[in-house]
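Reading through the structure tokens given below for one structure.
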Amino acid sequence: MSTATSAVTVLGAGSYGTALAICLARNGHQVTLWGRNSDDVATLAAERKNQRYLPDIPFPDTLTLEADLQRAAASNEIVLVVVPSHAFGDTLKQIKPALQQGAKVAWATKGLEPNTGRLLQEVAVQELGDAIPLAVLSGPTFAKEMAMGSPTAISVSSTSTEFAQQLADLLHCGRSFRVYNNDDFIGIQLGGAVKNVIAIGAGISDGVGFGANARTALITRGLAELTRLGCALGAKPETFMGMAGLGDLILTCTDNQSRNRRFGLALGKGESVEAAIESIGQVVEGFRNTKEVYLLAQRSGVEMPITEQIYKVLYENKDMKEAAMALLGREQRSE
């Protein structure tokens, strides 16, 4: 942890945004946490904890709540956006007039732009311009464990090496939180989106009862799909062997804390898409991500058979066992 204290605004008071705000405040930094619903924000401020998502973890004294988006964005030079991917562009559009001179914007949102499949970096440049330093945080992190202070490691990448190091210093804690700098801005973003899709597939596989062999094959070939797409877009293949690639993929595909995996499990056990989403009770990024990753792969001319079959299950009502047979029945080829 850096000995210097800073001030940071976190936009998004869901489980992950709250957890990041707690980690930053626990490191001694002044943190402003914004939430979309003013009544919910008032409750958070009164109870000094997020009873819905992280009920056993009190807020540090240096964490304050704010219900006004522009006021939150204007309050600190560093702004960390942790909203769902479908709200990302609109959130940036709203905060742009309020940002301080010299502001820096990072995000921990994992996904792609809805309906276009664009990287969030492209959305950020469109909404904020290319003069503002931008950064992304990604890696194998469940909010509850992170907020509890369990050992955690993530990656950070930025258009500015100085900003990347600043974020690493803000979050790093020798007891529990390690941050790795990575100069592959594209790869770090992409890993956080594609792993959601593969996690749904792993959940479906387990829900249907295919077993550990099938799950492991999905994870391994899913990593190959991620790497192919990433390289086609200019990412470095070694990025996908790190925290934001293999690390996040394993975590999301194998642990039932993952909403995307639980969503897939529910589908595999016979629930409809709508019922499965409702049963999760939180945003299931992978549902939208599947369509966006599929569009991006088609636009890039990259073969992603697992993603294609999951897309057909979710959006074309394809039978899950038929989708599995379509993968197994593909032409034999070298690994």
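One-based numbering along the chain as shown.
Here the Cβ of each residue, glycine as well, is placed from N, Cα and C on the backbone.
Database features (Swiss-Prot):
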BINDING   Ser15, Tyr16, Arg36, Lys110, Ala143, Arg259, Val283, Glu285  NADPH binding site
BINDING   Lys110, Gly139, Thr141, Lys195, Asp248, Ser258, Arg259, Asn260  sn-glycerol 3-phosphate binding site
ACT_SITE  Lys195  active site, proton acceptor
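Everything Swiss-Prot records as a feature, shown here on the structure.
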| residue | record | DSSP class |
| --- | --- | --- |
| Ser15 | NADPH binding site | helix |
| Arg36 | NADPH binding site | coil |
| Lys110 | NADPH binding site | coil |
| Thr141 | sn-glycerol 3-phosphate binding site | coil |
| Lys195 | sn-glycerol 3-phosphate binding site | helix |
| Arg259 | NADPH binding site | helix |
| Glu285 | NADPH binding site | helix |
Where the record says Lys110, Gly139, Thr141, Lys195, Asp248, Ser258, Arg259, Asn260 bind sn-glycerol 3-phosphate, what is the longest distance in Å from one Cα to another among those residues?
15
In whole Å, how far does the CA atom of Lys195 (sn-glycerol 3-phosphate binding site) lie from that of Ala143 (NADPH binding site)?
17
For the NADPH site as recorded (Ser15, Tyr16, Arg36, Lys110, Ala143, Arg259, Val283, Glu285), determine the largest distance between any two Cα atoms, in Å, rounded to the nearest integer.
21
Can you check which residues sit near Glu285 (NADPH binding site), meaning Cβ under 8 Å from its Cβ, same chain, 6 or more apart in sequence, and list them in order?
Pro84, Ser85, Lys110, Gly111, Ala193, Asn196, Arg259, Asn260
With the fewest other Cβ atoms within 10 Å, the residue among the binding-site residues Ser15, Ser258, Asn260 is Ser15
By CA-CA distance, flag whichever of Ser15, Tyr16, Arg36, Val283 among the binding-site residues is nearest to Gly139 (sn-glycerol 3-phosphate binding site).
Tyr16
Closest of the binding-site residues to Tyr16 (NADPH binding site), Cα to Cα, picking from Thr141, Asp248, Ser258?
Thr141
For the C-alpha pair, I'd like the distance in angstrom between Ser15 (NADPH binding site) and Ser258 (sn-glycerol 3-phosphate binding site), rounded off.
12
What whole-number Å value do you get for the CA-CA distance of Thr141 (sn-glycerol 3-phosphate binding site) and Arg36 (NADPH binding site)?
23
Would you mind reading off the Cα separation of Val283 (NADPH binding site) from Ser258 (sn-glycerol 3-phosphate binding site), to the nearest angstrom?
11
